[in-house]
Amino acid sequence: MKVALVVLALFGVSLAASIDNIEIPPSKNIYVEPINQPEVDPSLEIVNGQEVVPHSIPYQIFLVASAGETSWTCGGSLITKRYVLTAAHCIQGAKSVHVTLGAHNLAKHEASKVTVNGRSWVIHEKYDSTNIDNDIGVIQLERNLTLTRSIQLARLPSLRDVGINLEGRTATVSGWGLTNGIFQTTTDVLRANNTIISNKECNDVFKIVQPTEVCLSIAGGRSACSGDSGGPLVIDNVQHGIVSYGSSYCRSTPSVFTRVSSYLNWLQTHSEWRAQ
């Protein structure tokens, strides 16, 4: 199984957007080569996301991380007034992290938009970049945030949700990710709705899917794509997943998410969030 950690700038892709006139760095994504390569050109496959009503996903965050002269972007969610949930691969090796909240269009000035520095961040101690296991991390912000209509907390699973069967349920993934495999980005928050599939079906594609992960169907061509890494997967207003990996054939293979309910104890140890 071939795994590639990709920063889109390596392909010469320019993300023509900015946050308050500051150029947005490329996104950081994990691509896993499917066992059987789809018979489509990923550059032609547009992911059928829809623009959300502005600020209707108020826990959605946009992060920019840096290490030396290299910067990259990811998504995430606000889980307490001071902690952000994201994927481990989004903050691994970062020397600085900046989190933007209350945003809808990254390229426009919005009075609701707030950018806060990360004070510290931690990834799961058993994160495996080879098999993409335990792809979860948290960021402590430098200050507590004031909640507003545009900045709210994500609702995470309860202890009763541990081990529940999610197969067949409709889930929503959201973010500022690319609208196709490589070339087109968006400055507005998009969402895509689809159905959770079994890990067995997902493993027919990737062979590395674990019980601590959950997969989203690609029926109708709706899927998470490059740039959505770290963002939320929500079922009935509860965040059950974190965008982890997929293939560059966004519209032709499932997306894989870290299953949040598998890490409730870890989150309680490494953040202020408490399970109900």
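Glycine residues also receive a Cβ, built from the backbone N, Cα and C atoms like all the rest.
Keep in mind it's a predicted model, so treat the numbers as computed, not measured.
For Cys90, the disulfide partner recorded in Swiss-Prot among Cys74, Cys202 is Cys74. Candidates considered were Cys202, Cys250. The record in Swiss-Prot pairs Cys215 in a disulfide bond with Cys202. The closest partner of Cys74 (disulfide bond) among the recorded positions, by CA position, is Ser229; the full candidate set was Asp135, Asn193, Cys215, Ser229. Proximity to His89 (active site, charge relay system), defined by a C-alpha to C-alpha distance within 10 angstroms, is shown by the following recorded positions from Cys202, Cys215, Ser229: Ser229. Ranked by how many other Cβ atoms sit within 10 Å of their Cβ, the disulfide-bonded residues Cys74, Cys90, Cys202 place Cys202 at the bottom.
Considering other CB atoms within 10 Å as the measure, the emptiest surroundings among the glycosylation sites Asn144, Asn193 are those of Asn144. Candidate recorded positions: Cys90, Asn144, Cys202, Cys215. Nearest to Ser229 (active site, charge relay system) by Cα distance: Cys90. Cα spacing between Asn193 (N-linked glycosylation site) and Cys202 (disulfide bond): 17 Å, rounded to the nearest whole number.
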